[in-house]
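Record features, source Swiss-Prot:
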type     : residues : note
REGION   : 1-22     : region 'Disordered'
MOD_RES  : Ser2     : phosphoserine
MOD_RES  : Arg4     : symmetric dimethylarginine
COMPBIAS : 7-19     : compositional bias 'Basic residues'
MOD_RES  : Lys10    : N6-succinyllysine
MOD_RES  : Lys10    : N6-lactoyllysine
MOD_RES  : Lys10    : N6-(beta-hydroxybutyryl)lysine
CROSSLNK : Lys14    : ubiquitin cross-link
CROSSLNK : Lys16    : ubiquitin cross-link
MOD_RES  : Lys37    : N6-(2-hydroxyisobutyryl)lysine
MOD_RES  : Lys96    : N6-glutaryllysine
MOD_RES  : Lys96    : N6-(2-hydroxyisobutyryl)lysine
MOD_RES  : Gln105   : N5-methylglutamine
MOD_RES  : Lys119   : N6-glutaryllysine
MOD_RES  : Lys119   : N6-crotonyllysine
MOD_RES  : Lys119   : N6-(2-hydroxyisobutyryl)lysine
CROSSLNK : Lys120   : ubiquitin cross-link
Amino acid sequence: MSGRGKQGGKARAKAKTRSSRAGLQFPVGRVHRLLRKGNYAERVGAGAPVYLAAVLEYLTAEILELAGNAARDNKKTRIIPRHLQLAIRNDEELNKLLGKVTIAQGGVLPNIQAVLLPKKTESHHKAKGK
């Protein structure tokens, strides 16, 4: 007897993605494919796409959290490029990482040089008191 009967074979386990094994939302399989197709190296280790997907997921979560806070500060429920710009430029480390990046429709940080602000003179206060 060959053992290929219906009752003899084991049921195949449900497929489990590498992303779910690593506890990630970002696609490990797709990152692996892109690493192979991108001609970055002749061979790609099994851990490399997992690590890269984890790093990308962390950076994305960090930026989105700060952008969500910026949107909430502006009393908005939808994140727009302006919120991403404010989030990145107000964070020292993200600003350094993405210093050369231009965000379309991002605008600029509000900034007025101290010299251009009106001077607070005490002569007006003394004149009113007399």
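Here the Cβ of each residue, glycine as well, is placed from N, Cα and C on the backbone.
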Lys16 (ubiquitin cross-link): tally of other CB atoms within 10 A of its CB: 8
Distant-in-sequence Cβ neighbours of Lys37 (N6-(2-hydroxyisobutyryl)lysine), under 8 Å, six or more positions away: none
Nearest of the modified residues (Lys10, Gln105, Lys119) to Lys16 (ubiquitin cross-link), judged by Cα-Cα distance: Lys10
Cβ neighbours of Lys119 (N6-glutaryllysine) where a neighbour is any other Cβ within 10 Å: 5
The residue listed as 'N5-methylglutamine': tally of other CB atoms within 10 A of its CB: 9
Spatial neighbour of Lys10 (N6-succinyllysine) that is closest, considering only the recorded positions Gln105, Lys119, Lys120 and their CA atoms: Gln105
The residue listed as 'N5-methylglutamine' to Lys14 (ubiquitin cross-link) - Cα separation in whole Å: 45
